[in-house]
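As recorded in Swiss-Prot:
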BINDING   S25, G26, G27, I28, D29, S30  ATP binding site
Amino acid sequence: MLLDTLQTQFRHYFPTQRNFVLGLSGGIDSIVLLHLLAELQLNLRAVHIHHGLSPNADNWAAFCEQVCKRLKIPFILQKVTVDRSEGIEAGARAARYQAIGEIIQPNEVLVTAHHLDDQTETFLLALKRGSGIKGLSAMQAVGFWQNFTIFRPLLNVSKAQIEQYALQQQFTWIEDESNHDSHYDRNFLRNEVLPIVNQRWQHFSQMVARSAQHCAEQQMLLEELLAQELQRYADFSEKRLNIEAFPQFSLAKQQQLIRLWLEKCGAQMPSTAQLMQIIQQTIYADVDKNPQLKLADFWLRRYQHHLYLTGELLEPDDFCQPLFAQQSLTLPDGIGELQHLGDSIIYQKSGKIDRLLLPKALVNAPLQVKLTHQGKVKQYGKPMREEMKKRYQQAQVPVWLRKRTPLIFFHDQLVFICH
């Protein structure tokens, strides 16, 4: 019985968790799951995402609200705008999860009605894209999306079982007309390919799920084996990866370490072609080169023996402000905050705090803060002037951060580079 299956899944994965949000489309899968969850006496809310892609979208939202009202389950409606640049399916999925991320609470888990047949489709779509073992792992019963957890308790339940239960219970649900459009890849598999395959091999979906699980286990093992080395080379707080030793690694190891680092930094996974471009243009670049590559919403940049993952960095306007003892100064464009404590300077940025002790002669002295300096500069306490570029290099400030790094001056002498 489906209810028994569901209870077993909850006891196994979330024995103490009580707060859940159901992604409710109004289709047969999520309607069945809604009724099942209502019997478990959980702290449950349901969210319906209004994509605005169908003329029936308003009716679907109203239907979901009525069902939830009847079951006394709090209902949330979220309207989204779908970015179609990456395709309607991908755009709708991204908009859906972003909207859910806006309403889900830290103590809640998202529950979705993905089932065994969905798993087969996901696996075959990954196969079509040429995915490796991570992609071929398809979906897991418990997954993550940015800041929340996703639970798929019906992943081992077939569509036929769900349909049978819905008919037995005389549920009503909505039919999305786009599900019959085989122009979409997933629908093509569902409507044209899998019915023929299942006629030939009755347990095809179960075997695909088994293969996906094998891939997931291999991926977990790979991550476990590389965990220590990743920890050695990666600084996740700074989104930085030391690649000095990478040329002596095999290509496969280079690829996996870069993939794992990018994933843990929250970046979109590169394609195989992009990954090869990253390796060729960064790992094997001359040490004096500073290549940079666009990766979705991020930039991948190399400086000396490190890779850095950054967002789009805007160049701030010219900045020059005095900093007196016992005074604070907020820098523009999120660059941070400075405090002059008399005997030291505190530089605070993104939760990280550095304390720079002033020379005795400069205790309580008025200072000056700049974000850039051209030409030569005299370091405080040293007789010779030298190029500012050399001072940046000595302080290991990457090229793209040099106009976003505070410089502390006493008159025309450089006291600190705050990096």
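Here the Cβ of each residue, glycine as well, is placed from N, Cα and C on the backbone.
Keep in mind that what you see is a predicted model, and the values were worked out from it rather than measured.
Sequence features, as recorded in Swiss-Prot, placed on the structure.
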| residue | record | contacts (Cβ under 8 Å, 6+ apart) |
| --- | --- | --- |
| S25 | ATP binding site | H48, I49, W60, C64, A113, I174, D176 |
| G26 | ATP binding site | H48, W60, F63, C64, V67, W173, I174 |
| G27 | ATP binding site | A113, W173, I174, E175, D176 |
| I28 | ATP binding site | I162, E163, A166, F171, W173 |
| D29 | ATP binding site | A113, H114, H115, L154, K159, I162 |
| S30 | ATP binding site | L22, G23, L24, T112, A113 |
